[in-house]
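See below for the structure under consideration.
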Amino acid sequence: MSAASPASIIQELASAAKQYENNESGAREALIAQSRALIASLEVPSEFIQHTFWSQPALSAIVRLATDVNLFQYLKDAQEEGLNAEALASKTGMDVSLFARLARHLVAMNVITSRNGVFYGTALSNGLAAENYQQSIRFCHDVSRPSFGAFPSFFKGNGYKTPALGTTDGPFQSAHKVDISFPQWLVGNPPYLQYFNSYMSAYRAGKPNWCDNGFYPVADRLLNGFDASVSDVLLVDVGGGRGHDIATFGSQFSPLPGRLVLQDREQVINSIPADESRQFEATTHDIFTTQPVKHARAYYMHSVPHGFGDEDAVKIMANLVPALAKGYSRVLLNEIVVDEERPVMSATNMDLIMLAHMGAKERTEADWRSILTRAGLKVVNIYSYPGVAESLIEAELA
């Protein structure tokens with residue numbers, strides 16, 4: 001099937017614009033996607049090459065440099081008054097000529113604006129001034145970008161084969177000249193471990209949660225039909241880290257008809273600050289052992305099988321099976337489900353991040369169905385939200 005014509009894409013843009021004005025969910029994401037599609041339909045190969053190999057790499061490098069000299073913070077602090085090249089060059093420690101050349105590219109790429117020799121921050125650049133985004137930029141430029149750059153030489157050298165899961169011989173190792181796994185490297189490079197954690201936090205920032213209105217129908221699928229005589233536990237967050245997701249769930253649906261239980265490794269649970277106001281219980285659990293909480297209404301996992309190979313993913317899911325009450329308990333997986341027909345960039349981005357750094361992958365719907373079937377479960381439904389890479393897979397006993 002041929003690509004959409006510019007005229008048809010413009011019609012889609014107009015429709016998405018009306019939805020955006022009405023504050024409809026997914027409209028912003030649709031506008032971005034259609035805008036990119038319009039550019040792709042209009043660009044000629046020479047423009048594509050310049051954009052891909054000149055404009056974007058230069059932008060990445062300048063944005064990374066900006067984190068070292070606090071450029072976005074200075075522009076944010078200047079607010080509507082802005083700052084001229086001389087003032088910004090002085091603040092950032094650059095010579096005026098160099099600053100002006102770099103800043104002009106930021107203007108050309110719509111990151112900042114300029115008028116009558118004065119530079120101004122934008123909503124985008126002001127957002128990038130936040131520390132979590134500054135650290136995310138450092139991780140993406142210093143760690144991920146070289147790993148992607150190693151793709152051509154690495155895959156040519158290995159005969160174009162997928163690296164083994166958890167590899168110590170992949171694009172990341174090739175780019176950074178190391179022979180240890182990506183997680184081991186992070187532990188040995190504490191600043192980048194912090195940058196990586198900030199990146200993961202920023203990756204999810206501002207995106208709808210699985211339990212938000214319009215995503216997964218919590219009231220219909222969990223709250224309605226809850227039976228305390230079967231179990232007084234409403235939700236178990238398996239491998240839930242320090243409790244971000246389960247705390248969000250509790251705050252959105254308080255008062256709750258049943259208990260909330262967070263499970264993770266001992267060192268993670270012990271790192272959670274004491275808080276008498278929290279609505280969940282925190283307990284230790286190894287996901288490779290049988291689930292100890294029986295007959296809860298739902299068992300929730302957010303990106304838990306995600307980092308494991310298929311065999312381990314099957315074991316993790318199978319360990320839930322003895323705890324489930326047939327026809328009552330639900331298994332909820334908050335995971336990326338890669339659409340094979342119409343993949344979205346947020347999903348393919350993360351899939352390639354996994355390939356570059358760990359030899360892992362994001363799974364398709366067929367992949368998830370296969371894993372759950374092998375574990376003794378069946379998919380009831382897959383819920384998605386417009387513009388969000390992660391879906392909510394609901395499963396139950398087969």
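Glycine residues also receive a Cβ, built from the backbone N, Cα and C atoms like all the rest.
According to Swiss-Prot, Tyr199, Ser303 bind 4-farnesyl-3,5-dihydroxy-6-methylphthalide; the candidate from Ser144, Ser147, Ser370 that the record adds to this site is Ser144. Looking only at other Cβ atoms within 10 Å, the busiest spot among the binding-site residues Asp237, Asp286 turns out to be Asp237. Every protein chain considered, the tally of other Cβ atoms within 10 Å of the Cβ of His306 (active site, proton acceptor) stands at 19.
Ranking the binding-site residues His244, Arg265, His302 by how many Cβ atoms sit within 10 Å of each one's Cβ puts His302 at the top. The shortest Cα-Cα distance between Ser144 (4-farnesyl-3,5-dihydroxy-6-methylphthalide binding site) and any of the binding-site residues Asp237, His244, Asp264 is the one to His244.
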